[in-house]
C-alpha cells in the first residue's frame with residue numbers, strides 16, 4: 001500500500017499485499033509552497049489552481065477510496081492461506097487503480113516542490129558538476145530532458161533521476177502516472193508533468209512552448225536537496 005506517499009514520495013511502491021493490512025493513514029492534498037499565481041507568466045494561476053485543487057485532489061481521493069476497498073478485500077482473507085478466488089481476483093483488479101492514483105499523488109507531490117517563483121537559471125555546486133559529468137554540460141542536459149519530455153506519447157512525465165547503484169544521473173520518461181522509482185529504480189530528483197492538464201489552458205497543444213517556459217521556474221535548491229539526500 002502507499003502509506004504516507006506525500007512524505008515518502010521518492011520511495012519505490014511497496015507490493016500492495018505486503019503492507020495494505022496495516023495501513024490506516026488517509027492521504028491528503030499537500031499545500032502548495034506558493035500562491036497559484038506565483039509562477040506567472042510561465043504557468044498561469046488558472047492552470048495551477050485546476051491542476052492542484054482538482055487533478056491532484058482527484059488522485060488523493062481516488063487513492064484513499066481504492067485503499068479502503070483493498071483493506072476490505074484483505075479483511076475477508078489473508079494471502080498464504082485459502083482465499084476465495086473471487087476475492088483474490090478483486091484484490092488483483094484493484095492494482096491498476098492503486099498504481100495510477102498512488103503514482104499521481106507521488107508524482108505531483110514532487111512536482112510542486114520542484115517549482116518555485118524564484119526558480120530558473122542553473123543549479124550550483126555538486127549537482128551542477130554531476131550534470132556536467134553525466135551529460136557533458138547543463139545545456140546538453142536541458143536539451144535532452146526537454147526532448148525526452150516532448151517525446152512522451154499521450155500523457156506522462158519526463159524525469160531526472162539518480163541511479164544509486166551506478167552513482168550517476170539519468171533521464172527517463174514514464175507513461176501516465178507511473179512512478180519513476182517503482183518503474184525504473186531511479187530516485188526522482190526533477191519531474192516535468194507533460195499531461196495536457198499541466199499546460200493546455202495556456203499553451204494549447206504546443207507542448208514545446210510549455211517545456212521552454214517551465215525551465216524558468218525550476219527550483220534547483222529543491223532538486224539539489226533531493227540529490228544530496230539520495231547520495232547518503
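Note: Cβ is positioned from N, Cα and C throughout, glycine not excepted.
The Mn(2+) binding site annotation in TrEMBL covers 51, 108, 193, 197. The Cβ of residue 193 (Mn(2+) binding site) lies under 8 Å from the Cβ of 51, 107, 108, 111, 157, each of which sits 6+ residues away along the same chain.
Feature annotation from TrEMBL assigns domain 'Manganese/iron superoxide dismutase N-terminal' to 26-116. Confidence over the domain 'Manganese/iron superoxide dismutase N-terminal' (26-116), given as mean pLDDT on the 0 to 100 scale, stands at 89.
The domain 'Manganese/iron superoxide dismutase C-terminal' feature in TrEMBL is assigned to 123-226.
Within 8 A of the CB centroid of the Mn(2+) site residues 51, 108, 193, 197, the other residues of that chain are 52, 55, 56, 111, 195, 198. Remark: of the binding-site residues 51, 197, the most isolated position is 197 (fewest other Cβ atoms within 10 Å of its Cβ).
Neighbours of residue 108 (Mn(2+) binding site), defined as other CB atoms within 10 A of its CB across all chains, total 26.
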